[in-house]
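K.L.:
Before I ask anything, let me first share the structure, which is written out below as structure tokens.
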């Protein structure tokens, strides 16, 4: 299976939107569902109302996190969301409303690493995706410092936040769980955690062939697959 550089990942996204007529909310829904299913497989519920924290950023990766939180609530978990930089976009506002109507709490302040360890089963990093470049700015610089110190499982969506999409970041957060969306990015070569899933079962065959992705078979009707 071939891993994607940043420009290839961006090109595939644009082709899905422009040539294959997918909408942003369609792909976000499919991606977020695959994140939620993969988390439920890697970390099955051991009781009722297990608490999870989803940290969402201002872009589409953050939207994937909001969708995942909604599905995780439907799966019987109790997600809470930290979403400090909300863009004024109808899609994101709708996702927030959906979560609020499902009684998912939005936190005003980020808990400390110690508080997270005590309160939550795991934390989902849905802050930055493959389009991120440059320095991490406030408030997310402090968020990543906190996430680097948590002892509970950290679950990264597509690209661990703060990592170079191609080179990774040995000094950054080190998630236990990574779900690559569409196809793994080159930085996934530096992932040393326990669970690496591929999610987003929506890439048309013609696009798979064009980019020579050779993705593994998805089991049954699952939207995700555990990579070896």
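Each residue, glycine too, has its Cβ placed from N, Cα and C.
According to Swiss-Prot, the (6S)-NADPHX binding site annotation covers 60, 61, 62, 63, 64, 129, 130, 131, 132, 133, 134, 135, 158, on the basis of sequence analysis. The annotation K(+) binding site is assigned in Swiss-Prot to 61, 125, 161 on the grounds of sequence analysis. Among the features that Swiss-Prot reports, domain 'YjeF N-terminal' is placed at 9-214.
Structural setting of the listed features?
P.N.:
In the three-state DSSP reading, residue 62 ((6S)-NADPHX binding site) counts as helix.
For residue 125 (K(+) binding site), the number of other Cβ atoms no farther than 10 Å from its own Cβ, over all displayed protein chains, is 28.
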K.L.:
Counting other Cβ atoms within 10 Å of each Cβ, which of the binding-site residues 62, 134 scores lowest?
P.N.:
134
K.L.:
Does residue 60 ((6S)-NADPHX binding site) have same-chain partners at least 6 apart in sequence with Cβ under 8 Å from its own Cβ, and which are they?
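P.N.:
Sequence-distant Cβ neighbours: 24, 28, 129, 131.
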K.L.:
Sort residue 132 ((6S)-NADPHX binding site) into helix, strand or coil using the DSSP assignment.
P.N.:
coil
K.L.:
Applying a 10 Å Cβ distance cut-off over all chains shown, what neighbour count does residue 132 ((6S)-NADPHX binding site) have?
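P.N.:
Other Cβ atoms found within 10 Å: 19.
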